[in-house]
Amino acid sequence: MPSPIALLAAATERIERVDAEALLLHALDCDRAWLFTHGDIPLAAAATESFQALVEQRARGIPVAYLIGRRGFWTLDVIVSSATLIPRAETETLVEQALQRLDHASERRVADLGTGSGAIALAIACERPQAQVLATDNSAAALDIAARNASAHGLNHVVFREGNWYEALLGERFDLIVSNPPYIAVTDPHLTQGDLRFEPPSALISGGDGLDALRILAAGAPAHLRPGGWLVLEHGWDQGAAVRTLLHTAGLVAVATMQDLEARDRVTVGRCPGF
């Protein structure tokens, strides 16, 4: 029977080592400490076959997060499935900007539109437990995953509601609306590359220029924000100027774009006047 070290060596001829390690930890249901203190022990046939099947799927391009059913985001371990977008590190910039606009003391109302796995809403709820957080999505399958994540992290005060963008808010107003909407143009060649090939198109593609959902979110914000409330949006690295224009056109003030850790435009914010 092969050892973990031997399996890793063979797998890294086909896939990246970091991916191989993640898949082996999943197949063995162990942590890295166990793996590297027991790297030379023979493994059972079932574990070996399970790992090799995962490697085969990864070699075909299937994302590691979908193969193991989880992805780390913020301080959370988030369940994901093919019904949800895979949370990405750059989206933590969106969470940071939202948190900067939510104080610790008061019960602010927050809406996360297009929540997917619930990663953004749950990260905010974890850091601001006094906030009233509503998370919406037009996918019932995604909301099921999001609700499972809330339960797993004891964040059962987060409310989930099915509906498309502002329709799900039922005319309510919020102190902060946050969203990581689809923002890739339908003709973008990146859609045929990497993990994007396997993620739900509805969570990625937004019209001919990638701005359709962002237009809806910008235009509808004043009717759903309380005076002084913030709209916080993620977008593509080359869309900052266009999104600022959308927010200005909608009548928001204090409009600004923030960069992610790779120094790329990633998040644009605007405030509802009247505060």
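In case you wondered, yes, glycine gets a Cβ from its N, Cα and C as well.
Since we're looking at a predicted model, the values are computed, not measured.
Swiss-Prot lists Gly114, Thr115, Gly116, Ser117, Gly118, Asp137, Trp165 as S-adenosyl-L-methionine-binding residues, and of the candidates Asn156, Asn180 the one it assigns to that same site is Asn180.
Long-range neighbours of Ser117 (S-adenosyl-L-methionine binding site) (same chain, six or more residues apart, CB within less than 8 Å of its CB): Arg71, Val78, Ile79, Val80, Thr84, Leu85, Pro87, Ala142, Ile145, Ala146, Asn149.
Same-chain neighbours of the substrate site beyond Asn180, Pro181, Pro182, Tyr183, judged by a C-beta within 8 angstroms of the site's C-beta center, are, in sequence order, Gly114, Ser179, Ile184, Ala203, Leu204, Ser206, Ala213, Leu214, Glu234, His235. Comparing CA positions across the binding-site residues Gly114, Thr115, Gly116, Gly118, Asp137, the one lying closest to Pro182 (substrate binding site) turns out to be Gly114.
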